[in-house]
Amino acid sequence: MESSLNEVLSFNESFVKFKQYEPFITSKYPTKKVVILTCMDARLVELLPKAMNMRNGDAKIVKSAGAQVSHPFGAVMRSLLVAVYELKADEIYVVGHHDCGMSAIDPHKMINHMIERGVNKDIMNIIDYTGIDLVDWLHGFGDVSTSVLKSVDIIRNHPLMPKSTPVHGLVMDPGTGKLDLLSDGNAYLENLEPKESKEEKSSK
């Protein structure tokens, strides 16, 4: 298989030489104070930010297979916490998409592909012995909406996430960019607001 590395490095040399980076100079802090968790699907690379009216510098974008938070103390959740506490993001969007590859993942086939490409079966046995269920770990999801809402729930209820942080759940059409809202984080927070607090606000 031919590597793209030389092409990338050659282009990059020209990119820097002719200062093509200048239109992209911005702050490390997101202008719109949002962080987006979405899928690594190639169709979303440019479509998603354009469909959400996000320009360079507007948002932090975290990507994972299927836009999933697979572990409450994994790298994805850590990235979201860093965005909120250290990078001034006040709002979180979880954006899955239809026709997602993770909905068709067969972990057994994937394990066979690993073996075909040289991963030693003994390694699989050692991993299993340590208590890690590879089939469960590699498993995708059946329904994208259910998966997005599960990730939203993990983020909202994470013990280290500020309870005042709106977490929205959406699903995108990878063909048109159309967004369907599954869960409005602002409405969710309003419903959690104590009755006394609502009465105080209405009396002002």
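Cβ atoms are placed via backbone N, Cα and C, with glycine included.
According to DSSP, H97 (Zn(2+) binding site) is assigned to a strand segment. Marked as Zn(2+) binding site by TrEMBL: C39, D41, H97, C100.
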Long-range neighbours only, meaning 6 or more apart in sequence with Cβ under 8 Å: which ones does C39 (Zn(2+) binding site) have?
K63, S64, A65, G66, A67, V95, G96, H97, C100, M102
Other than C39, D41, H97, C100, which residues of the chain come within 8 Å of the Zn(2+) site, judged by Cβ distance to the Cβ centroid of those residues?
T38, M40, R43, L44, G66, A67, G96, H98, D99, G101, M102, V144, M172, P174
Tell me, how many other CB atoms lie within 10 A of the CB of H97 (Zn(2+) binding site), whichever protein chain they belong to?
26
